[in-house]
Amino acid sequence: MFLVLVLLTGLGRLYAGNNPRKTFVQTTVPERISSVDTRRHLEHNVAYNITLKGKSYVVRLKKESFLSSGSVIYFYDNRGVQRSQPLLPEMDCSYSGYVAGFPHSRVVFATCLGLRGVIQFENVSYAIEPLEVLSGFTHMIYEENNDNTHVPLFGKNNSYARIHNLESQGRRSVHKTTVSKLSPRYIDMYIVVNKNLFDYLGSDIKTVTQKIIQVIGLVNAMFTQLKLHVLISSIEIWSRSNKVTNTRRPDDDLFRFSDWKRKHVSLKSHYVAYLLTFDKYPESIGATFPENICNEEYASGIAVYPAGLSLESFAVIIVQLLSLSAGVMYDTSDSCYCSTDVCTMTQEAVFASGLKDFSTCSMDNFKYFASQYGLTCLRNTSYDMPIYKQFPPRRRRICGNSIREEGEECDCGTLRNCTHKKCCDPMQCRMKKGAKCGTGPCCTVDCQFQKANVLCRKSVDKDCDFDEYCNGRSGDCVHDTYAQNGHFCDSGGAFCFNGRCRTHDRQCQALIGGDSRGAPFACYDEVNSRGDVYGNCGRHQCYIQHALCGKLVCTWPHKQLVSRVNLSVVYAHVRDDICVATTKTVRKIIRDLSLTTVLLPEDRDETFVEDGTICGPGQYCDKWFCKEVQFINNGSCNAEIHCQGRGICNNLDNCHCHKGFVPPECAPKKGQFGSLDDGHLVETTKTSGFRKINMRRGYVVLSTKRFQLIFYIGIPVIIIVAAILIKQNQLGKLFCRGEKEHMSSVSEDGSRSVTLSATESKFPADTEHSNKEEDAQ
């Protein structure tokens, strides 16, 4: 027994590595256990029972993906030649989660080849590593401590502190309404490990890679508040020698590293490059360019790993530097507070163990930076993981179901109840001879198009839906038109979504009736954290931020029980309210109440909260998730600008004008209203009658202004063409006259030359004759 104790003590010192302050706690054999989530999704959810200081703790974990199939590690062999390997084997190893029963806890594990990671409570952290020399899945647990607590945060120049003071002065004058809501953003990171750190972490490619991935896992866990997620693009390890001179002055080394990055690494503009180094007694913890995360030239940093610190502390250093580049400054005010004992952006955070959260000042800094400068360089989607699409089975065409489907000219119902027997053949769904239409609310029994302006679809929601009218050119009613998603309704307390004003109260009234209302948040949190058929967000229980988007929970003020056909009801007494949640029983008999009945959002029924329902200030529900309202609509129509504040935007991105204003731009016009899409005829002038609106969005047929358009465009064109023709005719005459004169002069010259030639030919002959006569004499 004594020998075993000595062995474990020695192993504890060995696995503690270069930090002599790591306190060995115990060895343990983690036991993988089964739960609701792990039974349904073995690949994405795991749970372990871990004994720590004599107590048993259940650790619940969910897979985290910050590697892609294209992530690569680069290193150098003994000859200095660069080699590369995919990081694919490490892709499915990273998990994060919490300790059950401890809301202020955090767990980050790598599960390949044993468990390796950190368990964080409020004021203490424990590291766990596998003991490879012992069999039976034995692990060692030790308490994280830091030996070196005197590392300067800023360095000698203290530049970040000065920047913070200047920024704080400027930001105090900015009203909080300029702060935007946070949305998920992804930082693609190119990580370089220099030779010093490579040697300090073990001088082994695989070991160093695992530790870097573990550090980034901790970084992502800390960035949850800011909705930032670091994705590892590549890891380059300078395993032979440093490519950049290490001067031990991070501020100077940063410029050298940035210059090396520009010359040797081809990165996209939204990639951030970081050099991770080691220094026993550094001047500071690192360097970066504050507020330049989106600047291609300056999106880089240097993080220094001081001797005697833990991997947890190194993760805090990286978080602080990345935060600086994203506009988050260090906390220097007593008014900054957070939910943990130590806030992330403080010097104490680097050396303290346990949980750390961003302070109120940090959150304001980040939101201000995002609203003022934007984070468009950062992707808003994670890596596209390959999945197989689940195509729904193709629906078979059915003639006689009163629905006109592909391949049918009309469908008036069955032979017995056909609504347009004169117009449509109910057996073949073909229009009869001479019929203009065969079915539809705008088709008369005489097979003619209904007159324009006849109501064909009445609004079902006074705030969010619009009436539609026959346009006089089709037997069908025009496409459904309704308010743009995100338009306020219910006196500003809810959002319009797909033509309905979505509120918890209305949904409860429709589901169970009586004086039921939407339950308070405490009820939703209590019920939807169950993870069963009565409370869930589909495949699993709802996390607290999404609790209002799972199963519908209502208050029930009546003494009698809820009695509804095909509904099973559960009651919960939360504080002063009786809350009820329901599940449908008509589809199948519930045999296992620990399992949810719906796996896909498309399969939800009325017992779930509807999409578009408010789940927080400026937030709405979408497929079990509570999202920022900025994502609720992607249209370009702005009611204040495009509709001049006299209408609202519809789902087709056009203005629906209030009464007394005419579309499309809602100009004042007595008696007018609506949009270009609702089918009714829009009056344009007192004398010219009406302008007919085509069913196709944005296409307008101008029946009265067409001739005016032709007149105003055609007349100038005709004048220009006529002028050209006249000009060409005059030029032609001039050309012909010039040609005639030229020919005349040519002919005169020719005749003159002929006469002259004849005269000249006569004189030599006479001269010769006279000479002969003189010779004879």
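Every residue gets a Cβ built from N, Cα and C, even glycine.
Feature annotations, reproduced from Swiss-Prot:
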COMPBIAS  744-760  compositional bias 'Polar residues'
DOMAIN    396-485  domain 'Disintegrin'
DOMAIN    633-667  domain 'EGF-like'
CARBOHYD  N49  N-linked glycosylation site
CARBOHYD  N123  N-linked glycosylation site
CARBOHYD  N566  N-linked glycosylation site
TOPO_DOM  17-706  topological domain 'Extracellular'
TOPO_DOM  728-777  topological domain 'Cytoplasmic'
TRANSMEM  707-727  transmembrane segment
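N123 (N-linked glycosylation site) sits 21 Å from N49 (N-linked glycosylation site), counting Cα to Cα. Helix, strand and coil counts from DSSP across the domain 'EGF-like' (633-667) read 4 helix, 10 strand, 21 coil.
Below 8 angstroms of C-beta separation, residues 466, 479-487, 498-499, 673-678, 682-684, 697-698 of the same chain, each at least six residues beyond the ends of the domain 'EGF-like' (633-667), sit close to that stretch. On the 0 to 100 pLDDT scale, the topological domain 'Extracellular' (17-706) averages 82 in this prediction. The DSSP secondary structure for N123 (N-linked glycosylation site) is coil. Across the domain 'Disintegrin' (396-485), DSSP helix (H, G, I), strand (E, B) and coil residues number 0 helix, 14 strand, 76 coil. The secondary structure of N566 (N-linked glycosylation site), as reduced to three states from DSSP, is coil rather than helix or strand. Cα of N49 (N-linked glycosylation site) to Cα of N566 (N-linked glycosylation site): a distance of 40 Å. The candidate set comprises the glycosylation sites N49, N566. Of these, N49 has the most other Cβ atoms within 10 Å.
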